[in-house]
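Per TrEMBL, these features apply:
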COILED    71-105  coiled coil
DOMAIN    110-353  domain 'Fibrinogen C-terminal'
SIGNAL    1-18  signal peptide
Ligand SMILES: [Ca+2]
């Protein structure tokens, strides 16, 4: 449309401005092309001028309208696009939470009715019958106890046969608990949980059985590490489930023992928010702070505290939104001198072969 208007206007413009016309070859050519249009040449100059003004006004109006239409059209397209993006984002969020949910529920099947004394024995028993033993919830019945109970068995990790005694991953389970909860256990076996000191004691305290403990750590930036002890025992409840650790191996450092005797948690009894068995008796100075109860200082969690020590795996997992609370502590695991921020941890135990 613009081209047509321009072509119509050019000869008229050229006739009213001869000087410019002489320097504009393009206009000249165009004017010559249209000079023989009979209608234009026959009109008187006043009428031509009026028509020209009208055409210019009309041209201006239509140009403005065209611009408006184009902008409106672009705005509509942008709105549609923006809606599509929001819709996609919502779908992505829904999908992501669905994936998280199914990851958690993958193991929430009914416990396998496979009785063994612990996950190591279940693995031994099933190995000949099942080509690949799945990880999941199994029922175990340790020796020297009347009760059976459910545990989560890791059958893939490092040869399998691991009974999980603690798991921290999403921070959704409250680990600020009294003694009774740490003794009985809490959380969900398929996700975060503390199996319970009584159950762990039953597993460990079987005839002719020795256990190792393996601690697997993942940092917030996905670095993995571990600490392993070739022997792991607990005293009975009367002795507050005092911990006994064997030889350390691993890549995360021996935070259970720390660097000096005050930090050493090996042989420490278990403490909880309402049960103070720690090494701060009546108090100790950590940093510049006077601490009477390590559990209260460390967000009401339960652990084998000394004064207080460099390990407490019952803290909260790293979360970018969460700047307070007590984080999972394994202080010997460091990068350039700075402790890693820990995103998840599991503590698991497995039978070790004995010569008996
Ligand atoms: Ca104390």
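Positions of Cβ are set from backbone N, Cα and C atoms, glycine also.
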Over the domain 'Fibrinogen C-terminal' (110-353), what is the model's average pLDDT?
94
What else in the chain is close to the coiled coil (71-105), if you only count residues 6 or more beyond its ends and a Cβ gap under 8 Å?
190-191
